[in-house]
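Only one structure is covered here, and it is reproduced in the block below.
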Amino acid sequence: MYSNKSFQRRQRQQVAESRSEEKFSRSLVRLNAQSLLDSSGNNTTTKNVNSDVVIVVMEGRGSCEGHIGIALHDTCFPEIHLCEFVDSREYTTLKTMINVHEAFDIVIQNGNEERGSTKLLGEALMTAFPEASLQSISSKYFNSERGERQLQSLMNAEVSTVSEGCLRRTLALGALAVLLKYIHETRCVFFRVKSLRIKEMGVNDTCMIDFVSWESLEIVDADDASKARKFQMKQKRTLMSVLNHTVTTNGYRLLRSSVLQPSTDVYLIQSRQEAIEELIGKPQLKDKLRRTLSRAHELDRVIAMCIQTSTSWTVRESEAKINQIIKLMHTLKVIQGIRTLLHSAKMKSNILIEKTEFLKDPRFDQIMNILVEKVDDSLLDGKKNSLHLQNTKCYAIRHFVAVQLDLARQTYEEIIRNVEETGAREIAEYFHGNSSVRLSFSQSRGFHYTFVTRQAESVTIPRYFLDVFRNRTTVTFNSRKVIAYNDRLEQVVAEMFLASDVIVCDMIEEMQPMIPVLYYAMDALSSIDFLCGLATYSDLRDTCKPTFGPSFSISQGRHPILDWDDSEKTITNDTCLTRDRRFGIITGPNMAGKSTYLKQTAQLAIMAQIGCFIPANYASLPIFNRIFSRMGHNDELIRNKSAFASEMSDAAAIVQYADKNSLVVLDELARSTSTEEGIAITYAICEKVLKLQSYTFLATHFLDIAALANYSNAIDNYHFLPQTDENSTKKHKLLRGQYRGPLYGFELVELSTIPDEVIEHAQSLATELRANVEDTERDYDSERRRIKVYMNHRFRECAEYFMDTHGEKWKEEKEAIDKMKALRKYLVDELAKIDSQEQMCQ
């Protein structure tokens, strides 16, 4: 058995690769906070990092300054991602990508610290990711020509998405050369020729959300962002936790990446919407798909096993391969079930038809035939105890395939019989056949005795037995004879695993031409799980399918997280921003709902761009390329930044990078400084954002900011009412117009322990100041002009909607006539209200 080709090839490979490349290893320099920084920075990344993800960063110099090339690989996932982009000096895009993929090992260039380039990058990454393993390596290893040769050698063209332009991206190719070298030296892993999927990541086909906004907008919880779906227990409600109805790890991974980087491809979004709509209409099919998917194993680790070769050959690795080959066979049966379900349902949505065609590939049957010939999965449906799980792997290869394996099995069975006989004899001799004492088996201890009793602390175990451990209701122990059998059993099991591994390697070699179909299956299963999860959410709540256009219009929208917790008590609010009226200023009381409304706006936009239905009666949104937020006012003491400095840093990024395809939400901008400075800075930033033509919502306590609407028709004023019910609960209802209600802050002050005379004096001063402000003249002509522009857009929007739904004869529809009459009445009433207010002031 040990003279076959696979074994000989492994021996030659071990000898050839035993010579480690010491120069590369010595050139790796571990960077830490002490070597780069005078003081450590805040931890802005997740607390739980993934040590399997490696990212290599190459920064451009000279004429390429500002360009970043990255190569990224998860050693448990059969893909390498390449990307090259232009980034800011704060490395915002790079930090976001590292957070999305939860990379732990980060490798950068060294040798240029004296000029400051690498040091700036190192400081930025160490500050943002203090728990990551940051290392630098000599620039000579960033060889783009070598990276291109390796790409051409390892890439499987059928499943890879690498354009011709990628071959000219020298920074990404240089990073690829170091990545492959690093994986080889630190993980002892090689990739088979023409087996790897290499994907070119684009930064222009996704909506970029700054990773600082992930937690402030309640998209993900930073403390639990890197935990796998099945390990997430009690945690703070986030958009991710509300939408997560996936049943596979890869489905969860696709959902997370989609939420953190929503798509900007309208065709992809609409294809997802069609699939979700179809799945909602077929609830039985959706439930069957989810139940079937829950039985599937993750193909990423199976593919990784098939495309990777290691310089070591251990019993543990052999056992893992046997386990993966069993999972592959089981998953292929699941694929057959999903294929049958989708085919019989006669799906109409393009994305589900495409995935069904992938699953019909004849190469699945070819792989199954290879496995059926040598793999026996008859033990999979038996008992699920530890001994059965070991037997599943020991008997995974069919009988009469390898003589040495069959001989080892005979020895294994003989040892099992002997240890069972010994156990029965010792229990009868020392415990007189007590039924509470039995022979047990575990992976860690092997065979041992278990005494089940409620008096574990006081029960007496004969001195003949060893290794006595007392738990609450059991006592475990062993004997010398059983321990001797365990040692022999461990040796025989190792022989069986190594012998089986040779057969598994032969099957992997035979399956190599069919490996691309496993990539298709992995994508298909994760996509179907992703769509079923979104369909489950959309079906459980009152949602609508959003459309896409130039206006940001939502009718009766609800906060996704609040709606999930208690849909009956959730307050609905409208949202309306257009190209002509693209800036909304929101004023109102404390705790009235301003911040919650801003989060609702951003979350609904994200949900729409991942293809999900959103909690509203009607929604039409633009496609956003970037979403900016400035929320929260915390000092960053470790980085020596005050709350105001942190605010201005975020505002600078917005002013610099926002454009007409951006959504900007600002919560109480410049609150952490004096009133005069705060108003002036807010004015200036608002004027700049207006010129950028971004869709913007600003929540502020500076009532003077609302006067900006007098100078620009692009601004609308909104406010929340201060009135409360008997339980001091705010109404949380957004209304049009500037806030002109009472001095709402004193309602909360009166609930505190501040003396009454202090509160009364403060109220008198505030009333006097308020009266001075209200003496300012209102520009009624501007208000009339704004309401006319706004209603003109509403008329046009309604006409387009009814034309799409009813065709050219939409004007004859009663619904359209009633809607137009209602809009006309609203316009007349608003103009009359302005006229009456003007007459009262004269």
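Note that Cβ sites are derived from N, Cα and C of the backbone, with glycine treated the same way.
According to Swiss-Prot, the region 'Disordered' annotation covers 1-21.
The ATP binding site annotation in Swiss-Prot covers Gly588, Pro589, Asn590, Met591, Ala592, Gly593, Lys594, Ser595, and the record cites sequence analysis as its basis. Of all Cβ atoms in the shown protein chains, 24 besides its own fall within 10 Å of the Cβ of Lys594 (ATP binding site). Annotation note: Lys594 (ATP binding site) sits in a helical segment as assigned by DSSP.
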Among Gly588, Pro589, Gly593, the most crowded of the binding-site residues [Cβ within 10 Å]: Gly588
Met591 (ATP binding site): tally of other CB atoms within 10 A of its CB: 18
Per-residue Cβ crowding (10 Å cut-off), top of binding-site residues Asn590, Ser595: Ser595
